Amino acid sequence: MADWARAQSPGAVEEILDRENKRMADSLASKVTRLKSLALDIDRDAEDQNRYLDGMDSDFTSMTGLLTGSVKRFSTMARSGRDNRKLLCGVAVGLIVAFFILSYLLSRART
């Protein structure tokens, strides 16, 4: 960088400055290329994450619909009369037992 101060002729100084300028321009071009590549990677990653989140949104929407329907049917069954109370208790106990069996099996499968 300080070579231009030691040069004797004006042509030599211009040549040294020109080489240094080209070197710095090449360095800048490579940095710009890396930044552009990084920006494109970030853009692709953001698009992928948006698609993933949109898919999750539709999954949650469909699951909400299923749960809403199940709760409505369960509430209707609970309000329909005393004869169904035994059935309702049986279903509730069955679901609780199934939950514990499933959690036990999953804990055994992990180990």
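Cβ atoms are placed via backbone N, Cα and C, with glycine included.
Counting residue by residue with DSSP, the topological domain 'Cytoplasmic' (1-86) contains 78 helix, 0 strand, 8 coil. Annotation source Swiss-Prot lists topological domain 'Cytoplasmic' at 1-86.
Here the Cβ of S9 (phosphoserine) has 8 other Cβ atoms within 10 Å, regardless of which shown protein chain they belong to. Sequence annotations record features per position, and here Swiss-Prot assigns phosphoserine to S9 (among others).
In this model, the domain 't-SNARE coiled-coil homology' (15-77) carries an average pLDDT of 91. Taken from Swiss-Prot, the feature domain 't-SNARE coiled-coil homology' covers 15-77.
Annotation for S37 (phosphoserine): no spatial neighbours, criterion Cβ-Cβ under 8 Å with sequence separation of six or more. Taken from Swiss-Prot, the feature phosphoserine applies to S37 (among others).
Remote same-chain residues near the transmembrane segment (87-107) are listed as 74, 77-78 (criterion: CB distance under 8 Å, separation of at least six residues from the stretch ends). For 87-107, the entry in Swiss-Prot reads transmembrane segment.
Per-class residue totals from DSSP over the topological domain 'Lumenal' (108-111), listed helix then strand then coil: 3 helix, 0 strand, 1 coil. Annotation source Swiss-Prot lists topological domain 'Lumenal' at 108-111, citing sequence analysis.
Residues of the same chain that lie 6 or more positions beyond the ends of the topological domain 'Lumenal' (108-111) place no CB under 8 Å from a CB of it.
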